[in-house]
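Presented below is the structure to which this report refers.
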Amino acid sequence: QTKWDLPTAYPDGNFHTQTLRWFADEVRKATDGQLDITLHSNASLFKMPEIKRAVQTGQVPAGEILLSAYGNEDPIFEADAIPFLAAGYPAARELYEAQKPLLEKRLGDQGIRLLYSVAWPGQGIYTKREIAKIADFRGIKFRAYNAATARLAELLGAAPTTVQQAEVPQAFATGVVDAMITSGATGVDVKAWEFSKFYYDTSAMHPRNIVMVGERAWRRLPDDVRTRVLEIAAKAEERGWRESERIAEDTKKTMGQNGLTIVQPSDALMTDVRAVGSTMIEEWVTKAGPDGRKIADALK
Amino acid sequence: MRTLLDGLYKLCGWLAAFFLVAVGVLILLQIGGRLFGVLIPSTDDLAGFAMAASSFLGLAYALRVGGHIRVSLVLQRLHGRPRRWAELWCLGSASLLTGYFAFYSADMTREFITFGDLSPGLLPIPLWIPQSTMTIGLVLICVALVDDLVAVARGGDPSYEGAEGELLESEKLATTASPGPDT
Amino acid sequence: MDPLILSAVLIAGLLLLLASGIWVALSLLAVGLIAMVFFTSAPSGLVMATTVWGASASWTLTALPLFIWMGEILFRTRLSEDMFQGLAPWMARLPGRLMHVNIVGCGIFAAVSGSSAATCATIGRMSLPELRRRGYDDRMSIGSLAGSGTLGLLIPPSIIMIVYGVAADVSIGRLFIAGVLPGILLITLFMGYVAVWSLLNPSRTPPGGPDMAFGEKLRASKRLIPVVALIAAVIGSIYAGIATATEAAALGVAGALILSAASGTLTRTSFRDSLMGAMVTSSMIAFILAGAAFLTVAMGFTGIPRALAQFINDLGLSPMALLAALTVFFVLLGCFLDGISMVVLTTSVVMPMVQAAGIDTLWFGIYIVLVVEMAQITPPVGFNLFVLQGLTGRDILYVAKAAVPFFLILVLAVVLITVFPGIVTWLPTQMSNR
Ligand code: NA
Ligand code: NA
């Protein structure tokens, strides 16, 4: 019998964590308890930035990360966080298909095996003031949490601002930031209606989490257990994407009911924002080289 | 040798103080940048790194001035030979533990260099640079503990003896004492 | 191994190491290491380096050394003396007089700082030498400071509320508001206790000064202006949207330096001494925090906290009995783990129990904060105790004993919010009905 510890940074209520819990339970059942996975949610074991390294060096057998957080390491990892490279679920799936072999190769080189990957609901823009045209972004403080969102804010004409995730509600309330871009699921997690007024449903990108296992831990599993795990990982992935789409609708409803104005951005605004997106895609392709070009072409 | 070691502890103490100032300056820069609508990249990452550098580089200095705390209830009751053996036990096991820790911290630095890990923020900072301050600080406190271990084994007193936890006491004497009614 | 036996072994190990005189930070690391090496299969050394690095290179932690530095700077100005001189005439009639400065000072500073140790360190640096100089009872000064330092967690902003809010899916804004009334309740209870104690022990409070006329009192209060202005400026910077709660500490340092320069006490020597003093204290605390972080991860690997929480769950208790059992559980856990670790390690198991019992998660958040406040002042691992030992040179057990009455008041506060849940829920309800 093998025991695995599996750390994730997300809280229990999050749909990624729930998918992961489903995965762990199914694996236990399917292998008659031969593989027993203990899920450590809430960053209670390792914090987000340490999880990948911990898996890579065998400190834990498996773990979950937000893939695009590793964009500095390799631009291919942040393809799913480039605005308008793949907007909406169908495009996000195509992106995953195109990215997957490249991803598996790169992770494999680091001693990591990809088990499954699930997209977050599309990211939209939360603001305190109404944005009718792109010029309305001028000068507002826009929360940036990585290089891509900082560049996005800059291109929109806003002032990119760093605020730690935990301080977001207070920062909005006191005016340290005026706008942010994140998914509807996170918006519900942080109760965005308590501090912002509008949600612009741009579905600009669907960043993904990946669940991974260290190659060493993987090789130690008996053959039949490995087969089971892969089968269930595939099912968990399907389940995760379904949940993601369902959550995307639910969260919009929840936010609306709580008084957040859900806005479908006007065509004029979308055209301008997409133009910003094209610039960012070009910049990313230049950075990511031939593999980046391959992904971008696959999505055209 | 004595002067070299003392110089080393002091140097790292000053570096730790420098990084504490750096933490403050970086955060003020972040506040200022936001006020004027400029993004000063990675101030949060850098402030975190400076925080770690300040904590670890200051370890040995803090040990020498009696800054690290412990439960001295039992130690206080011991005198002469038993006291010395107790002190040797503390210093010996502390040296071993920090040595073990320093070894794995160095191993982590080495891995950061080999794998080329980068910070996730706006500026891709090679992680081995800030993380090596942890290794240096741990190596130095291990050295400082062995230093005191040798001193005690030779029959002397550890450096922190007498200084321990009396930060406030000394300053109480320094400020002109005038006990009396509230005025 | 049975989690109960395993935890007994580790607790015994920790107590032995601490009692033998090994430094606190190293004792925590050692027990974590013992747990990892003997009871898990993970590579201990690697895990130690990884978690300690992750816990130390932390932006959220930066507020702590900065506030400690602010305290060191202010201590070297005449500001703390001025503050006491300005307050003394007004407190002349209140039993316990200037002892209340500890409590009120912490209560006000708690509105700036989100951490208990920072509140305790900053206020203590200023008030302890003054109280001592004036002949106030040492044990009471230390105890009241240990107790009221924990207000940093209850009065917003609060780090622990952010952690709980994220882990348990509760609005952080509502938690912040919910903390206000219990915070005032605690201040009142602490002050009441100090007053009653002083009436019972008149010989242990120094004689008061002569009664002043109202005009004289006002004139004396002019000396309060710089301190009040500094604290108001820092709180103001948070609510005016200039700085976040973490960043405010840097403004506090800048303000303290400006005040120090304006009052002519800022010299090369005083700057250096304040900086080195702050560096030593924060290095000491950061190392203990690092040890605690590793111990937390080791506990996560062994699964002890989860197993114990599961054990309580399996008892199938009524809501009130469940709360009583959880309180005992958290108090015991709080002796050995710091507050944030307690919350992240147990929410997965505890929150479903709490929800199944029909307990309001917002209310439970404030309950958790109160229990974590207790953990700050229970030995052997209590961060306010460490701060005060560093500050006074008194042994940790002396400090812990001095804090016992304040621990009991925290228990009383838990009972009060359980009997009158409105203390917690009334204000947030008012806000959302608007
Ligand atoms: Na606070
Ligand atoms: Na405690």
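Keep in mind that glycine also has a Cβ here, set from the backbone N, Cα and C atoms.
Annotated transmembrane segment per TrEMBL: C:6-39 (among others), in sequence order.
The domain 'TRAP C4-dicarboxylate transport system permease DctM subunit' feature in TrEMBL is assigned to C:12-423.
Annotated transmembrane segment per TrEMBL: C:99-124 (among others), in sequence order.
Here TrEMBL flags C:145-166 (among others) as transmembrane segment.
The annotation transmembrane segment is assigned in TrEMBL to C:172-196 (among others).
Annotation comment: TrEMBL describes C:224-242 (among others) as transmembrane segment.
Residues or ranges marked as transmembrane segment by TrEMBL: C:248-266 (among others).
For C:278-301 (among others), the entry in TrEMBL reads transmembrane segment. With a threshold of 8 Å between CB atoms, the same-chain residues lying at least 6 positions outside the transmembrane segment (C:278-301) that come near it are 24-29, 31-33, 35-36, 39-40, 42, 47-48, 51-52, 54-56, 61, 64-65, 68-69, 71-72, 117, 121, 336-338, 341, 344-345, 381, 383, 386-387, 390-391.
Same-chain neighbours of the transmembrane segment (C:321-350): 11, 14, 116, 153, 159-160, 163-164, 167-168, 289, 292-293, 295-296, 299-300, 305-306, 308-310, 312-313, 315, 357, 359, 367-368, 371-376, 378-383, 414, 418, counting only residues six or more beyond its ends whose CB sits under 8 Å from a CB of the stretch. Sequence annotations record features per position, and here TrEMBL assigns transmembrane segment to C:321-350 (among others).
Annotated transmembrane segment per TrEMBL: C:362-383 (among others), in sequence order.
According to TrEMBL, the feature transmembrane segment maps to C:403-427 (among others).
Against the transmembrane segment (C:145-166), the recorded stretches C:6-39, C:99-124, C:172-196 differ in Cβ pairs under 8 Å, and the greatest number is found for C:99-124. If you look at the transmembrane segment (C:172-196) against the transmembrane segment (C:6-39), you find fewer than three C-beta pairs under 8 angstroms, all six or more positions apart, and that falls short of contact. Fewer than three CB pairs closer than 8 A are found between the transmembrane segment (C:99-124) and the transmembrane segment (C:403-427), and contact between the two stretches is not assigned (pairs 6 or more residues apart). In this chain, the transmembrane segment (C:6-39) does not touch the transmembrane segment (C:224-242); fewer than three CB pairs sit within less than 8 A of each other, excluding pairs fewer than 6 residues apart. Across the domain 'TRAP C4-dicarboxylate transport system permease DctM subunit' (C:12-423), mean pLDDT in this model comes to 91.
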